[in-house]
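Asks: Below is one structure. I have some questions about it.
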Amino acid sequence: MLPRLGHHPGDESTLPNEKITYHGRKSLGFSLGETCSPVSAPILQGCDASVLLDDTATFKGEQGAFPNVNSLRGFEVINKIKAAVEILCPGVVSCADILAVAARDSVVALGGQGWPVRLGRRDSTTASLSGANSDLPAPSLDLNGLTTAFQKKGFTVDEMVALSGAHTIGSARCLTFRSRIYNDIDIDPTYANSMRDKCPKTGGDSYLAPIDIATKDIFDTAYYWNLMNKKGLFHSDQQLYSGGSTYTFNKVKYYATNPSLFKSDFANAMLKMSNLSPLTGTRGQIRKVCSRVN
């Protein structure tokens, strides 16, 4: 269990949280999709900020894992927030806590529902490229593979569908969805052609496309409507609606038409995710710089 810092107005203990929120919203292009994928980043070792570590002589970092290298961006935003917080209270607020608060606040800023964030996490001192490649949900997974990946971390099918709704914001690189737009049959032809114009069969790997083509900067249920219209950018996303499960099929339709319920369920699932295997006590450290260990 994580300790909760005070939340009284004007109390000194609220200042780190305010600093994180302020710098997150002021940073150009800051959004959940550009900072930390809520579905993938914490799922490997819990919320320990291991994904922020650069490669070293002793380990290969997780940023190079296939599910991460083509989706996670905005690490410089987290570094800016950390630098600002270190000036205010050096050695107190971990990079893991910054990620947790930044994820929550960016969802709220874009129209989603907030959730309580317990502070007191510590940062990992290592990262695992092989672990990230084997454990993180890849955009090419079928429904069974996606379900297994989430269940291994204790998430229900309902929570999986809700967390996948994080793809209502953010962008993805051509390399991650090329196979879908050229090979899948459960895709709207006009949508596929529009993506092919910018993501050729060869080259253009770094081209960025919005995951939610309808409202890419708004936290809403357009993502689920896209799936119903066969306009999911990732194969794994479209599988929620077209993968043969009546349960997830109906869940997608339910969330599409019940935005308040989706936002509530997403917030509850994120609260659960934010408390996955946190490092506390003497485990880990409070990094001075998020990209390297002390």
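Including glycine, each Cβ sits where the backbone N, Cα and C put it.
For reference, TrEMBL lists these features for the protein:
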BINDING   Gly46, Asp48, Ser50, Glu62  Ca(2+) 1 binding site
BINDING   Pro137  substrate binding site
BINDING   His167  heme b binding site
BINDING   Thr168, Asp212, Thr215, Asp220  Ca(2+) 2 binding site
DISULFID  Cys95-Cys290  disulfide bond
DISULFID  Cys174-Cys199  disulfide bond
DOMAIN    43-294  domain 'Plant heme peroxidase family profile'
Asks: What are the sequence-distant neighbours of Asp212 (Ca(2+) 2 binding site), meaning same chain, six or more residues apart, C-beta distance under 8 angstroms?
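Replies: His167, Thr168, Ile169, Gly170, Ala222, Tyr223, Asn226, Leu233 - these are the non-local Cβ neighbours of Asp212 (Ca(2+) 2 binding site), listed in sequence order.
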Asks: Express the distance between the Cα positions of Cys174 (disulfide bond) and the residue listed as 'substrate binding site' as a whole number of Å.
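Replies: Distance (Cα to Cα, whole Å): 17 Å.
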Asks: Select the closest residue to Asp48 (Ca(2+) 1 binding site) from the following recorded positions, measuring between CA atoms: Pro137, Cys199, Cys290.
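Replies: When the Cα distances are compared, Cys290 comes out closest.
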Asks: Around Cys199 (disulfide bond), which residues of its chain at least 6 apart sit with Cβ under 8 Å of its Cβ?
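Replies: Listed in sequence order: Cys174, Phe177, Arg178, Ile181, Tyr207, Ala209.
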Asks: Tell me the Cβ contacts of Thr215 (Ca(2+) 2 binding site) under 8 Å, same chain only and six or more apart in sequence, or just say none.
Replies: Thr168, Ala222
Asks: Among Ser50, Pro137, Asp220, these being the binding-site residues, pick the one whose CA is nearest to that of Cys95 (disulfide bond).
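Replies: Closest by Cα: Ser50.
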Asks: Which number gives the other C-beta atoms within 10 angstroms of the C-beta of Asp220 (Ca(2+) 2 binding site), all protein chains shown included?
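Replies: So the number of other Cβ atoms within 10 Å of Asp220 (Ca(2+) 2 binding site) is 20.
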Asks: How many Å lie between the Cα of Pro137 (substrate binding site) and the Cα of Cys290 (disulfide bond)?
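Replies: Just about 24 Å between their Cα atoms.
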Asks: Do you know which of the binding-site residues Ser50, Thr168 has the most other C-beta atoms within 10 angstroms of its C-beta?
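Replies: Going through Ser50, Thr168 one by one, the largest Cβ count within 10 Å is at Thr168.
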Asks: Sort out for me which one of Asp48, Cys95, His167, Cys174, Cys290 has the most neighbouring CB atoms within 10 A, since those are the recorded positions we care about.
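Replies: By the 10 Å Cβ neighbour count, Cys95 comes out on top.
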Asks: What other residues of this chain sit with their CB within 8 A of the center of the CB atoms of Thr168, Asp212, Thr215, Asp220, the recorded Ca(2+) 2 site?
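Replies: So the additional residues around the site are Ile169, Ala214, Lys216, Ile218, Phe219, Thr221, Ala222, Tyr223.
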Asks: For Pro137 (substrate binding site), list the number of other Cβ atoms lying within 10 Å of its Cβ atom.
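Replies: Around the Cβ of Pro137 (substrate binding site), 23 other Cβ atoms lie within 10 Å.
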Asks: What does the structure give for the C-alpha distance between Ser50 (Ca(2+) 1 binding site) and Asp220 (Ca(2+) 2 binding site)? Integer Å is fine.
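Replies: Cα to Cα, Ser50 (Ca(2+) 1 binding site) and Asp220 (Ca(2+) 2 binding site) are separated by 29 Å.
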